[in-house]
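Take a look at the structure set out below.
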Amino acid sequence: MINQDTIAAQATAPGRGGVGIIRVSGSLAKSVAEKVVGKIPKVRYADYVPFKSLAGEQLDQGIAIYFAGPNSFTGEDVLELQGHGGPVVLDMLLKEISKIEGVRLAKPGEFSERAFMNDKLDLTQAEAIADLINATSEQAAKSALQSLQGEFSKHIETLVEKVIHLRMYVEAAIDFPDEEIDFLSDGKVSGDLDAIIAQLNTVTDQAKQGSIMREGMRVVIAGRPNAGKSSLLNALAGREAAIVTEIAGTTRDVLREHIHIDGMPLHIIDTAGLRESPDLVEQIGIERAWDEINQADRVLFMLDGTDTIDTDPHKIWPEFMAKLPVGLGVTVIRNKADLSGDVVGMDQNQQYPVISLSAKNADGIELVREHLKACIGFDGATEGGFMARRRHLDALEHAAYHLDTGKAQLEMHIAGEILAEELRLTQQYLNEITGEFTSDDLLGKIFSSFCIGK
């Protein structure tokens, strides 16, 4: 793919630093080098040179490296200027470069987009760059790196190859209608289809783990005032993140903590106690609490174990349960076991899991951690995983649907054309993951979320 514009941007993070890098990509990279550093550096060699304005005034000095396309990150000619990391110096240099006719400032993610368009990496690898930059844990970074190195892509390519081979076999049989009945009962087709379905299920399970690693889980702690919600937040966070007093209604706004459980990102949200209140500020806090509940992956329904022996939230607070979004997972937390005499532990033999604990003494907190991991299906012991996004899971689910539909058609001995079409659709959805078949709108959405200079 030929890009008419040459683009430039700061590749290092904004702000002050020891080193700042300007990246230029496009057919005018050589021209930029001649105008700014006075020569075209030897390919892939670091050259220590002055950086000058178009008028010849020295702005900085540093290292210039030239990469000739297609042997560069973007597949185009690329120039990198590595100078001092002061924002003023970098801004002056970038302004001079953008004055050159045919050169403009890059849009967010445009370098990675060009790398994708020029077949230097596929879409999962491009997305992995952003995921690696945004990783919030060591395990998330490792998973993103695996995707960047093509681990996810290899799984998808293997699946696509097997689907293509089966399509060829099916469509060849369709061309010989006299043999089609024998083909439909051929054990090879059924066996190959079962093998593809099994492999797709394995990849989907791994992708779900990767999605959890990237997205994390939103957990809202909700309940009446003074039930110990903030104490639970502090115990899970391992620090005094929220003010705790004996006064009901101490928490009036939403408090957020971002923690990790064995590498799984967890967004814990403490909310104002839910009750009817004449206080305007508290009312606003309660409205925000419900906003968070409506966006949650799970709610920890906190209750004071000294107030009731019930564990069924529908009996304890039917109005609260009736207002929850349909399908939202709920765990009942019976707090203050140190005062109520409850045995610290977990009971999963009821409609809603019940955990008895003492948030104040941090007794039973590990039960909550393990429970949240189990709720989302996270396996912290998984090694060699890759990062995945919601769109990847959607594509895998669509592919699985069409494979299952094709299998049903085969078992009912319907005409092979229908099976062939289901296999074609399966291949299409799998190709969307790596970008072999992707709409321009989706590409724009993906790359616009990247950093400028990436």
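Just so it is clear, glycine is given a Cβ too, placed from its N, Cα and C backbone atoms.
Within 10 Å of the C-beta atom of Lys120 ((6S)-5-formyl-5,6,7,8-tetrahydrofolate binding site) sit 19 other C-beta atoms, taking all shown protein chains into account. Sequence annotations record features per position, and here Swiss-Prot assigns (6S)-5-formyl-5,6,7,8-tetrahydrofolate binding site to Arg23, Glu80, Lys120, Lys454 based on sequence analysis.
According to Swiss-Prot, the feature domain 'TrmE-type G' maps to 216-377.
Taken from Swiss-Prot, the feature GTP binding site applies to 226-231, 245-251, 270-273, 335-338.
The DSSP secondary structure for Asn226 (GTP binding site) is coil. If you look up Swiss-Prot, you'll see Asn226, Thr245, Ile247, Thr250 marked as K(+) binding site, on the strength of sequence analysis.
If you draw a 10 Å sphere around the CB of Ser230 (Mg(2+) binding site), it holds 24 other CB atoms from the protein chains shown. Here Swiss-Prot flags Ser230, Thr251 as Mg(2+) binding site.
In three-state terms derived from DSSP, Ala272 (GTP binding site) belongs to neither a helical nor a strand segment and is classed as coil. Calculated from their C-alpha atoms, the gap between Arg23 ((6S)-5-formyl-5,6,7,8-tetrahydrofolate binding site) and Ser230 (Mg(2+) binding site) amounts to 47 Å. Cα proximity to Ser230 (Mg(2+) binding site) (within 10 Å) is found for the following binding-site residues from Lys120, Ala272, Lys336: Ala272. Every protein chain considered, the tally of other Cβ atoms within 10 Å of the Cβ of Lys229 (GTP binding site) stands at 31.
All protein chains shown were included, and the count of other CB atoms within 10 Å of the CB of Lys336 (GTP binding site) stands at 22. Within 10 Å of the C-beta atom of Ala272 (GTP binding site) sit 27 other C-beta atoms, taking all shown protein chains into account.
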